[in-house]
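Remarks on the structure that follows.
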Amino acid sequence: MKLAVIGTGYVGLVTGACFANLGNDIICVDKDKERLLILEKGEVPFYEPGLPEMVMRNHKAGRIIFTSDLSHAVKKADVIFIAVGTPPKANGQADVTAVFEVAKDIAKNIKGNKSFKVIVNKSTVPVGMGDIVTKILVENNVSEKYFSVVSNPEFLREGSAISDFLNPDRIVIGASNNKAFNIITELYRSLNARIIFTSVKSAELIKYASNAFLATKISFINEIANICERVGSDIKEVAYAVGMDKRIGREFLNAGLGYGGSCLPKDISALLHLARENGYDPQILNSVSEVNEFQIDAFIGKIIKTLKNIRGKKIVLLGLSFKPETDDLRDAPSLKIINSLTKKGAIIKAYDPAAETTAKKTLPNVQFCKDIYEALKGADAIVLATEWPEFRDLDFEKVKKIVKNPVIFDGRNIYDPKRIREMGFKYIGIGR
Ligand code: UDX
């Protein structure tokens, strides 16, 4: 099929590359000319394992092209994906300006067209956006006979985006008619995944509800971790056994620094806003968000309390990205830790396998190191902020010799406290 994908961010680019890889012809559209130049070279403007290779391969084969010419793309395409950003406004509401603009541009450019096109919203948008996009097209004299708006939320995670896209637990297609539903179903046919047909409005809410539930699981386990700390239980043991109950499930029960990233925090805020706007004050979601704030503040509090006067102390952060296998720093706990400690006069050094370039733009007062052990030299404390695999098996004998003060704050509970303590370190984890 011929597809246009508007927006070459995470969701847009992964969608484009994966559909191209399945044999479709993709035109990826973006207004950002610099980004297009990078993509033209076969490079990807962010870190995502496997994506550059997939983009390059399909670009060379002519199945994926990059352009700023939205008009050409939408005229050629049978299916048009809207995959632009919906960042949070200051009040938490999702900013849908980009979706509005794209809808207007599509309308202007397919006016008078006589072939049926499906417009698919992949961006995470407030419930009702599908109807608004339809209205924009109709107001611009595009006949409803020739288009239909579908909601097809994307559930991929950064760091495992390709595999998540190609092996989804379910594909949700929110459509108002069988014709549009069948076209999108056909597009996904080769994935052999479970397809769920819903109304457009349900599909829009499914995305928010899914992310809200994941965030709830994280805040829940963080709350239990905080109880563990006070009563002497170990959250790793508790979460493992709790998660063995099939009704609960093991995933998303890792206590830590709380959820960050480009989706969970923004989607919880947007859902809270959507609910309030519609006359309901959601109590669980409110608490989920509050526990998440508390979690990082409590961790920073532990660092300050343990190190006492931190002015002039050299604190080394292992990991900066909000999770492993990405260079994304959006809502990363490391940022809040660094800002709080820097304000109190600490000297921050950091090592991250992928996020150094992104981090340099926002963290001018941090000294970045190319090597873990170089970073740890003379450290007054080690703060593990991201559970990159290479931090799991550190040579602690060596670490002990090069640090000034053997203290580890393990924000992701990746180390065995007993073993670390036996090696002469002070260990402070979460809920243990
Ligand atoms: C999330 C959703 O998982 C995905 O379905 C949606 O499409 C986009 O948002 P992503 O933000 O890429 O994906 O990462 P995810 O793996 O979900 O982690 C989100 C945050 O939760 C990270 O900060 C992570 O560290 C944290 N987390 C996750 C925990 O603190 N504990 C856990 O057990 C799992």
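Quick reminder: no glycine exception, Cβ is built from N, Cα and C everywhere.
Unlike curated records, TrEMBL annotations are generated automatically.
Here TrEMBL flags CYS263 as active site, nucleophile. Within 10 Å of the C-beta of CYS263 (active site, nucleophile) there are 23 other C-beta atoms, taking all protein chains into account. In the three-state DSSP reading, CYS263 (active site, nucleophile) counts as coil.
When other Cβ atoms within 10 Å of the Cβ of ARG35 (NAD(+) binding site) are tallied across all protein chains shown, the result is 19. The NAD(+) binding site feature in TrEMBL is assigned to ASP30, ARG35, THR86, THR124, GLU158, LYS266, ARG330.
Remark: LEU253 (substrate binding site) has LYS217, ILE221, ALA239, VAL242, GLY243 as non-local neighbours, by Cβ distance under 8 Å and separation of at least 6 in sequence. If you look up TrEMBL, you'll see PHE155, LEU156, ARG157, GLU158, LYS207, PHE252, LEU253, ASN254, ALA255, GLY256, GLY260, LYS323 marked as substrate binding site.
Residues or ranges marked as domain 'UDP-glucose/GDP-mannose dehydrogenase C-terminal' in TrEMBL: 316-417.
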Open item on the list: Rank aside, I only need the closest one: which of the recorded positions ARG157, LYS207, ALA255, GLY260, CYS263 has its C-alpha nearest to that of THR86 (NAD(+) binding site)?
Closed with: CYS263
TODO: Can you tell me which binding-site residues out of ARG157, LYS207, GLY260 are within 10 A of THR124 (NAD(+) binding site) by Cα, answering none if there aren't any?
DONE: LYS207
TODO: Could you tell me the mean pLDDT over the domain 'UDP-glucose/GDP-mannose dehydrogenase C-terminal' (316-417), as a whole number?
DONE: 97
Open item on the list: I want to check the contact list for ARG157 (substrate binding site): same chain, sequence separation of six or more, C-beta distance under 8 angstroms. What comes out?
Closed with: ASP164
